Each structure stands twice: as C-alpha cells, then as structure tokens.
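Trainee: Please see the structure below; I have some questions.
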Amino acid sequence: MITVIGAGAWGSNLATIALANGYDVNMWSRRSNLSLTRAVRDAEVIVSAISMQGIRDVIEQLQGLTLSPQTIFVSATKGLDPQTARTPCQIWQDTFPRNPIVVLSGPNLSKEIEKGLPAATVVASNTAIAASKVQLIFSSNRFRVYTNLDPLGVELGGTLKNVVAIAAGVCDGLQLGTNAKAALVARGLTEMVRIGVHWGAQQETFYGLSGLGDLIATCNSPFSRNYQVGYQLAGGRNLQEILANLQGAAEGINTTTVLKQCSQRGDISMPITEQVYCLLQAQVTPKEALEGLMLRDIKPEYQQ
Ligand SMILES: NC(=O)C1=CN([C@@H]2O[C@H](COP(=O)(O)OP(=O)(O)OC[C@H]3O[C@@H](n4cnc5c(N)ncnc54)[C@H](OP(=O)(O)O)[C@@H]3O)[C@@H](O)[C@H]2O)C=CC1
Ligand SMILES: O=C(CO)COP(=O)(O)O
C-alpha cells in the first residue's frame, strides 16, 4: 500500500501515476474523512506532497503513530524550513532516523503531467534499494524515473530554482528578451551551485534533471506559480493581490527569505536572490532590481 499525504496538484498526480501502475493507493489530506492513522496503517511507502508550511504539522501527527522502520518516506516538497533552513528530507530524517528517506524531484509541472505529456524525474536516497523501489512505483511510458545517490543535491535543485523562476517571470514580464533570460538562468544556476555545494551537495547534480532541468521548466512556463509571481509583479500587481489569485503554493517566496539570510550569514554572494528578496519586500521596483544586477562591479565569470 502507498499512502500519498497531501491531495493538492502534485499529490493527486503522483497518486494517479502509482494507481495506473497497479499499486493500491490511499490519499490523505487534512480535509479528507479518512483519519491519518487509518491512511498510513498498511503503508509500505508514504509519499509527502504537502507544501512546506504544512510539513512540521503533519510530521508531528505522524510521530504519534506506530510506523514500521521499513516504511519508506518519499518527499516531493520543494522548500526550506523558515526557522532552521532544513530541507524537507532532512526534517523527515531527523524525525524518523531509522526509516529510508527518498526525495522525488525534477521538471514536473503538474498541469502538463495531468494532460499525459511525457516527463522525467529523479528519485534520490542514501538507501539505494529504497530509491530503486520508488523508481519502480512511478516509472511509466509517460514518466521516466532516474535514481541518484545525492539526495541533498536533488532536493536543493528543485527548491533553489524557484527563486530564479520568480526572477525569470519578471524578465519575461518586462519583455527583456532572450539574451537577458539566458544570462539570468545561467547566473541563477551559478548561485544555486554556490550555496548548494556550500551545504554539502555535489556540483554535478545541479547540471542534471533536478537542477538545470527543473530550472529550464519553471523559468519558461506560465504553469509555474513561481514564474507567475514574477511575471505579475513585473506587470505592476502587488504580492498580496497576486497570492490571493494564485492556485497553490509559490514556495520560492519563503525560500528567497531563507536563502537571503543564509547567504548573508555565510558571506555567499547571491545577487539574484538578493534582488528577488528586495522585490518581494517591495523595497525595489522590477526595473530597479534589473539595474541592481546590471550595475554590479565587473568581475571574472567564475569568482564569488
Ligand atoms: N504542482 C507542481 O507542479 C509541483 C509541485 N511540487 C511541490 O509539491 C509541493 C505541493 O505542491 P502542490 O501540490 O502544487 O500544492 P497545493 O497547494 O496544490 O497542495 C498543497 C497540499 O499541502 C497541504 N497542506 C498545506 N499545509 C498543510 C498543513 N498544515 N497540514 C496538512 N496539509 C497541509 C494542502 O492541504 P489543503 O488542500 O487542505 O490546504 C494540500 O493538500 C510544493 O512543495 C511544490 O513545490 C513539486 C513538483 C511539481
Ligand atoms: O516545481 C515545479 C515544476 O517542477 C512546479 O513549479 P511551481 O511550484 O512554480 O508551480
């Protein structure tokens, strides 16, 4: 039995894929009639597709239940804890140290996957056998699943690109052109690598599906909520207005704040993140954010 926690856009998609592959699937959300205790009772695999803000709540509830140490937790959340900057997988592992934890992350815009369009993703874990099991559960002729042994790198790729996706939305909203977009995405990737490697991830992981792949998807699609936030800010709307009309979470907003604090503490240069932060705080206009990036001191390409 596979239990998917979180019945939002991504949780529903993942449940549908596993169901189509012939697995028994339970779905749970805080609105469902099924209790969490019943939902996870026979679960060999628990897939968490809740937004970052709900992770601690749900883990606290699960902590009170008796779960087998063989139960595999799969995290599909792309965010960082606002207090500790821990990733979702790190929080799962802190709470359930004996259980295998697998991250599932890639260029996976749910609106495309629900239409049956082809996509690929990555499952990564320190427990290779658990990653292989999860690979089997979700692999299909429409969803190609790769394994990877750098769970932190895979998880950070999916999380950090959301900040760049907000900036990419601004870039398109201001109609800055393809050259500007290419520069932004390439320099955004440099920032992702810089902080990711500082936190212990492997550099090459960021050039794969879960890093560069997801960056390309979210920086170019109006289906991305993070891209939409940037695009609409460039159009002159304020953040409250945008969020009031946005379907689902734009995790990049919280991630930007966490990253800004971490980059300051660790003295890690993250100019794009810094400008996205100032923009989200309404401290600069989209045009001022652009000027802030273009008028930085000139420097070699590979230097902090
Ligand atoms: N949509 C996509 O294309 C993709 C999304 N992701 C990631 O997956 C995660 C979920 O995204 P998505 O499904 O789109 O978001 P949605 O907003 O559609 O769904 C979020 C889910 O989290 C639940 N939730 C939020 N807070 C709590 C809480 N305190 N307690 C219990 N449940 C809670 C919501 O419950 P309720 O409905 O009751 O509010 C809902 O089921 C995000 O981190 C996102 O970045 C990853 C890949 C693709
Ligand atoms: O992570 C995603 C696609 O891989 C979804 O992006 P958004 O959260 O910006 O919609």
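Backbone N, Cα and C define each Cβ position, glycine as well.
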Trainee: Same NAD(+) site as Gly6, Ala7, Gly8, Ala9, Trp10, Gly11 according to TrEMBL: which of Arg194, Arg225, Arg237?
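Mentor: When TrEMBL describes the NAD(+) site, the candidate it includes is Arg225.
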Trainee: Which residue of Glu191, Glu251, Glu274 does TrEMBL report at the same NADPH site as Trp10, Arg30, Arg31, Lys78, Ser110, Arg225?
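Mentor: Among the candidates, TrEMBL records only Glu251 at this NADPH site.
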Trainee: Per TrEMBL, which one of Lys161, Lys181, Lys260 shares the sn-glycerol 3-phosphate site with Lys78, Gly106, Asp214, Ser224, Arg225, Asn226?
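Mentor: Within the candidate list, TrEMBL flags Lys161.
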Trainee: Among Trp10, Arg30, Arg31, Lys78, Ser110, Arg225, Glu251, listed as contacts of NADPH, what is the widest Cα spread in Å, to the nearest whole number?
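Mentor: Taking every pair among Trp10, Arg30, Arg31, Lys78, Ser110, Arg225, Glu251, the longest Cα gap is 23 Å.
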Trainee: Which residues of the chain, 6 or more past the ends of the domain 'Glycerol-3-phosphate dehydrogenase NAD-dependent N-terminal' (2-34), have a CB below 8 A from one of its CBs?
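Mentor: Beyond its ends, the domain 'Glycerol-3-phosphate dehydrogenase NAD-dependent N-terminal' (2-34) has Cβ neighbours at 40, 43-51, 54, 58, 76, 104, 108, 110-111, 113-114, 137-140, 143, 247-249.
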Trainee: Restricting to the same chain and to sequence separations of six or more, state which residues have a Cβ under 8 Å from that of Asp214 (sn-glycerol 3-phosphate binding site).
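Mentor: Looking at Cβ-Cβ distances below 8 Å from Asp214 (sn-glycerol 3-phosphate binding site), excluding near sequence neighbours, one finds Ser105, Gly106, Pro107, Asn108, Gly157, Gly158, Lys161.
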Trainee: Which of the recorded positions Ala7, Gly8, Lys161, Asp214, Ser224, Asn226 have a Cβ less than 6 Å from any atom of ligand 1?
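Mentor: If the test is a Cβ under 6 Å from any atom of ligand 1, the answer is Ala7, Gly8.
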Trainee: On a C-alpha basis, identify the one among Arg31, Lys78, Ser110, Glu251 that is nearest to Gly11 (NAD(+) binding site); the candidates are the binding-site residues.
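Mentor: So, of the listed binding-site residues, the one sitting closest to Gly11 (NAD(+) binding site) is Ser110.
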Trainee: Around Ser224 (sn-glycerol 3-phosphate binding site), how many other CB atoms lie within 10 A of its CB?
Mentor: 25
